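Peer 1: Pasting a structure here, questions to come.
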Amino acid sequence: MTIYVFSQLILNWYHINGRKNLPWKKDKTLYKVWISEIMLQQTTVKTAIPYFKNFISRFPNIQSLNQSKLDDILCLWSGLGYYKRAENIYKTVKIIKEEFQEKFPTGFSDLIKLPGIGRSTAGAILSLSLDYFFPILEGNVKRILMRYYGIIGYVTEKKIEQKLWYLIELITPIHNTGSFNQGIMDIGALICTPKNPKCNLCPLIQKCIAYKEKNWIKYPLKKKKKIILEKKSWFVVIKYQNQFWIEKNTEKKIWKNLFCFPNFDTKIKTIEWLKKNKINIDKKHKKIQSFYHKFSHFTLHIIPILVNLSFFKNFQNSKKTGIWYDLKNTHDIGLPKPVQKILEIFK
């Protein structure tokens, strides 16, 4: 199969079956495509869609986003995870204001310098919004190329990545680049999936080596799963009437700049903090069941300790970034999923 035929098969499939109704494709702008591409890093389309809609509803353009605080962005990002992406959006919009007069840059060399934007993301933004000729190489594309050409190796290997970039640059058409890029990503997401691919629906089936070998599972090779470590965290859930004490996490890497309950990695530290703040635990009080929260590299066993205060106590002296979170009011702050989960119990 020639390079032209490969790209034409992708384009033909996309025009008939492609996902053209994705929210960032309606009234398409550089800004919307940028937000969507950042959200889609480490997140599926299905999960990203409601977050994208809420984000654009609140910040429809660069100008409105520029008026925001980091807490505003983190609030809309709450629950989506990988919060560094939200910080990168905040940093990027400030750079765009200072260096590009609030106009989204259209040069590849300018884009790739912005926080959170690498070679593939820059190519996706420019090709999907302006139809510029820039190939992309994200997870779906890598998997398709390795299966189609029978490339054995790990996607993280430098030599494999170099080979894949070489191939995708040859295959990507100069015209209709945006449609091709979206098409090949759609095929990877809908058909050439990591598990149980729907090969009979794939436009590339005739020359696909993985299909001929009936052995798609080895393309790409998978590294042995590392043993997932388990860590513990004691959450002190301080409640006064309908309010909860939460503190901005400015030091720890996990959930940085999000608001959390006071939390500690040992029971001893938890008890010491309670004593220091003269807080007694009433064993008769309602208990919150412990639960697990998964990260990419470890699992966190969260043990909530509920403290019902009979009188208002101000903790501002110990933590200037703390607030009383009222369930009846709205707060434009970022909350990690476990904190949201605990608060939901009391709503």
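Cβ atoms are placed via backbone N, Cα and C, with glycine included.
Okay, these came from Swiss-Prot:
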ACT_SITE  Glu37  active site, proton donor/acceptor
BINDING   Cys192, Cys199, Cys202, Cys208  [4Fe-4S] cluster binding site
SITE      Glu138  site 'Transition state stabilizer'
Peer 1: Among the binding-site residues Cys192, Cys199, Cys202, Cys208, point out the residue whose Cβ has the most other Cβ atoms within 10 Å, with all shown protein chains included in the count.
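Peer 2: Per the Cβ count, the most surrounded site is Cys192.
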Peer 1: Can you list the residues of the same chain, besides Cys192, Cys199, Cys202, Cys208, whose Cβ falls within 8 Å of the [4Fe-4S] cluster site's Cβ centroid?
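Peer 2: Apart from Cys192, Cys199, Cys202, Cys208, the close residues are Ile144, Arg147, Tyr148, Ile187, Ile191, Pro197, Lys198, Leu201, Leu204, Ile205, Ala210, Tyr211, Trp216.
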Peer 1: Helix, strand or coil: which one is Cys199 ([4Fe-4S] cluster binding site) in, per DSSP?
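Peer 2: In the DSSP reduction, Cys199 ([4Fe-4S] cluster binding site) maps to helix.
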Peer 1: Roughly how many Å lie between the Cα atoms of the residue listed as 'active site, proton donor/acceptor' and Cys208 ([4Fe-4S] cluster binding site), rounded to a whole value?
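Peer 2: Here the two Cα atoms are 28 Å apart.
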Peer 1: For Glu37 (active site, proton donor/acceptor), what is the secondary structure by DSSP, using just helix, strand and coil?
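Peer 2: The three-state answer is helix.
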Peer 1: May I ask for the distance between Glu138 (site 'Transition state stabilizer') and Cys199 ([4Fe-4S] cluster binding site), taken between their Cα atoms and rounded to an integer number of Å?
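Peer 2: Their Cα atoms are separated by 20 Å.
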Peer 1: Got a sec? Which of these recorded positions, Glu37, Glu138, has the most Cβ atoms within 10 Å?
Peer 2: Glu37
